[in-house]
Amino acid sequence: MTIINGKTKLLGVIGDPIGHTLSPPMHNAAIDALGLNYVYLPLPIAPENLATAIAGLSAIDLQGFSVTIPHKLAIIPLLSQITEKARLVGAVNTVWRTETGWQGTNTDVDGFLAPLKSLDKDWSRVNPVILGNGGAARAVVVACAQLGCGEIHVVGRNQKKLDPFKESWANTSLYDLLEVHGWDELEGMLPTTELLINSTPIGMSPQGEQSPVELELLDLLPSSAIAYDLIYNPRPTKFLRLAQTRGIRIIDGLEMLVNQGAIALEIWLGQPVPVSVMREALLKQF
Ligand code: NAP
């Protein structure tokens, strides 16, 4: 185990509340396995203290930090620069120190893509359907565009939120790829859906017996489809269990969680990190 001493470098996660975070065991397990003198800490920061806290983190020479709810948008004006990816998503989840100040990015995009990249698919022929239009869906939309998918369909329950969701990408190449729909249109889309993604919290513990899509509708998917649930508790979710009974390939949210963390840790440490160690550390927390 890493011994904290006078030379230990600091990393952490800012959020409010922060007690539920799974990140410290995941990152510290990888740091330990690499034998590095770093420690990753939970840093509870209330919204009204964000600016003061970020200045303080700079002053104590923190090397970098993860950003979780409710700071993913509010942090942006406090950074000296953000990546194009973070700009497209509209949120930052990873920050590191540069000579000119803090820089931010969004590793959810590549974390989401990690389990898809190894699959043998012609993504240009895949028109993904994303359920939900919240913060995570934004990263998934950017990821699907990066993957080279065809049309990207987002299904939401609130038209008043769906239109601004699409408009937020006006003047980008993503705008023309994106279509937004009400849930009543889902059934008609499923027979040609090769990638169905749940980015709603439907089915998340303690509501583990719910599914965003019932079995009769999952029956409409092509047999070559992939069902991807961003939820990682329970594993697998009811949505994925139902899809599995129909022979559909499934991916659960743990891969996105571990890979977004691994990409962040690589940025801070400047070297490859042991993803399998991070996955094991996460699994021990369920
Ligand atoms: P969010 O910003 O609150 O968005 C949730 C979306 O789901 C909203 O569009 C919401 O609609 C919709 N929704 C909620 N309940 C619904 C219902 N009963 N019926 C229909 N739509 C419903 O949350 P988020 O940050 O995007 O997170 C979404 C899920 O992804 C969560 O389960 C989270 O744990 C998971 N997640 C996983 C990872 C990972 O690394 N695996 C990363 C991020 C998020 P309204 O806007 O109309 O309320």
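Each position is counted from 1, following the chain as shown.
Cβ coordinates are placed from backbone N, Cα and C, and glycine is handled just like the others.
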Practice prompt. Pick the one from Y38, Y232 that TrEMBL also lists for the shikimate site with T21, L22, S23, T68, N93, D108, Q260.
Written response: Y232
Item to complete: Express the distance between the Cα positions of G134 (NADP(+) binding site) and T21 (shikimate binding site) as a whole number of Å.
Response: 20
Practice prompt. Using C-alpha positions only, work out which of the recorded positions L22, S23, K72, Y232, Q260 is nearest to G132 (NADP(+) binding site).
Written response: Y232
Response to the item:
For E84 (NADP(+) binding site), the same-chain residues 6+ apart in sequence with C-beta under 8 angstroms from its C-beta are none
Item to complete: Please list, in sequence order, those binding-site residues from L22, E84, G134 with the Cβ less than 6 Å from ligand 1.
Response: G134
Worksheet, complete the sentence: Sequence-distant contacts of the domain 'SDH C-terminal' (253-283), meaning Cβ under 8 Å and at least 6 residues beyond its ends, amount to 11, 22-23, 25-31, 33-34, 36, 38, 63-64, 66, 93-94, 96, 105, 107-108, 110-112, 114-115, 229-232, 235
Worksheet entry | Long-range Cβ environment of A136 (NADP(+) binding site), under 8 Å and at least 6 residues apart | D108, S199, L230
